[in-house]
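Trainee: One structure coming up, written as structure tokens, with questions to follow.
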Amino acid sequence: MASPSVRVPRPSRRRSPMAPPRSFLWTRRIFLTALTGFVLLPVYVMFSSSLKPLEDVSGAFRWLPSEVTIRPYLDIWKTVPLARYFTNSLIVAGSATVCSVVIAIFAAYAVSRYRFRGKRVFTVTVLSTQMFPGILFLLPLFLIFVNIGNSTGIPLYGSRGGLILTYLTFSLPFSIWMLTGYFASVPRELDEAAHVDGCGPLGALFRVVVPAALPGIVAVAVYAFMTAWGEVLFASVMTNDTTRTLSVGLQGYATQNDVYWNQVMAASLVVSVPVVAGFLLLQRYLVAGLTAGAVK
Amino acid sequence: MRRRTAGLRRPAGLPRFARLRRIGLPYLLLLPALLLELLVHLAPMVIGIVMSFKELTQLYIGNWGAAPWKALGNYRISVDLDAPVGAALLHSFLVTCAFSVLAVGLCWLIGTAAAIFLQENFKGRGLLRAVFLTPYALPIYAAVITWAFLFQRDNGLVNHVLHDQLHLTDGRPFWLLGDNSFVALVVVAVWKTWPFAFLVVMAALQNIPKDLYEAAALDGAGIRQQIRRITLPALRPINQVLVLVLFLWTFNDFNTPYVLFGKAAPEAADLISLHIYQSSFVTWNFGTGSAMSVLLLLFLLLVTAGYLLATSRGRKHADG
């Protein structure tokens, strides 16, 4: 079964002389086709249902719309305050991303370029916070925010600020880890050249290291944005009616008594497109960053 | 050693201030990250542990310091298997264990297989890679809401295919209620988590030198042997981390059941995070909720430590 076959169908130029046997090619074909089906099934349902009239999604399931309509895409903005959820999510995820990336750049620069006491403790602690159950610090954080609000008047609970603060720490550990790997791959001679030219450490960081590691920084930014855009647990507790984000708003939409599934699917598609497009465009940098981080 | 050369090259007799700045600089750069981690992760964790020893109900939320001490009372309630609270917690814990083992196993298997099948370049490989990463890129709630629609009893795709088209079931089963909900939960969790395993394994595979395979092929090793003798051993170090991370994520998963079932999960799919969330925010008894969270944390620490010990020793054994 594993013996290399001599007659390889359509030999391509790229294939090495040790071409894989036919049985392997067929296993691969079947496995990848089945997996593609599994992966794309919900995506197809999301897309096709968003173009259906309401009758098609309230009765038995139909593979194809009885008529194609864009009404759901117009109605979603009226049925629920989707525009407000959208704005809230954009503000929260955008701010959390910018802050998280800037803070991660500083921390990663320190870890990759300096030796200092407590470096290992820092990296291990930061990474391990990632592993703790969110539920463990949800309740205390809720109480901390409520009590800070009561004693200082800074409204963290129920505000976008509190959510931004929370979310930026979620992406921070992974961002620091990945950027450390990226920065380490930037040759140190470049820093030294900048020092010779009279740059301080921060000058070297922003004039030399950051531009050289830009793909990695962009990948980290996408990751941070995705994390904040998709978070549900803290959003469900820390927001109120005016600061509600998409993750909670959309869920409320889908658990009403009469669910307009065509509209829910249209809304899901609308909120997914920006992150999926960004992710797929930049995924090769993410893979490169993972490799760089893993080498460390 | 080289790390300091840039600074050391400066003229000797460095002013004290500058030296201080050089030593302090890395800490200054780390300060924002540290402060935030303290505020959002570490301080709440300490407070959570304190809270688990208090009788913290609705009355004391505005002023939690005033809540009366309860010593180990909250823990006693959580582990008392004869009382409904403890019994429900144990049930939820067992469901979560079964769910995690199943989901992690499937995610790892599918992710590794897909990465190995995409290792060699062929037409359409880039496109497939993008397709496979889509579930990971989709916002969790959008993906899970779509799955909830697929699993609807009367107008969902799953029942349409199983009952209307293939006639496999007598009636239309409920997928989001009762025992079937466990299956639905595993399917959704695997669907959205396996791409992460795929991504990580794919990155690791890029580090295996091509000539290893060529040499093996010249020696007459078939594909299966190449995978067993070269690919899988090379993946060992990354697998150690990957499986652990997958396990911790799945075990702590809150989003999937919360969005899939709404606030009340059916008993068969009552994952522990959602269970604690409910028993805290529905009854507003934060003390018991915290005690349960601390027990969960202890369990995860034990598992992690045991896992790392076992796998590291196994690795040394294999190397030596």
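Just so you know, glycine gets a Cβ as well, placed from its N, Cα and C.
The following feature annotations were taken from TrEMBL:
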TRANSMEM  B:27-53  transmembrane segment
TRANSMEM  B:93-118  transmembrane segment
DOMAIN    B:93-307  domain 'ABC transmembrane type-1'
TRANSMEM  B:130-150  transmembrane segment
TRANSMEM  B:182-205  transmembrane segment
TRANSMEM  B:234-251  transmembrane segment
TRANSMEM  B:290-310  transmembrane segment
Trainee: So if I exclude everything within five residues of the ends of the transmembrane segment (B:27-53), which remaining residues of that chain have a CB under 8 angstroms from its CBs? That is, six or more out.
Mentor: 64, 69-72, 74-75, 286-287, 290-291, 293-294
Trainee: What residues elsewhere in the chain lie close to the transmembrane segment (B:290-310), defined as a C-beta under 8 angstroms and at least 6 residues from its ends?
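Mentor: Apart from its flanks, the transmembrane segment (B:290-310) reaches 48-49, 51-53, 56, 74-75, 77-79, 89, 240, 244, 247-248, 251-252, 272, 275-276, 279-280.
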Trainee: Which residues of the chain, 6 or more past the ends of the transmembrane segment (B:234-251), have a CB below 8 A from one of its CBs?
Mentor: 96, 99-100, 103-104, 107-108, 112, 189, 193, 196-197, 200-201, 204-205, 207-208, 272, 300, 303-304, 307-308, 311-312, 315, 318
Trainee: Who are the chain neighbours of the transmembrane segment (B:182-205) in space, where the CB to CB distance is under 8 Å and they lie at least 6 residues beyond its ends?
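Mentor: The answer is 95, 98-99, 102-103, 106-108, 110-112, 114-116, 118-119, 129, 132-136, 138, 140, 143-144, 147, 151, 175-176, 231, 234-235, 238, 242, 246, 249-250, 253, 256-257, 260, 268-269, 271.
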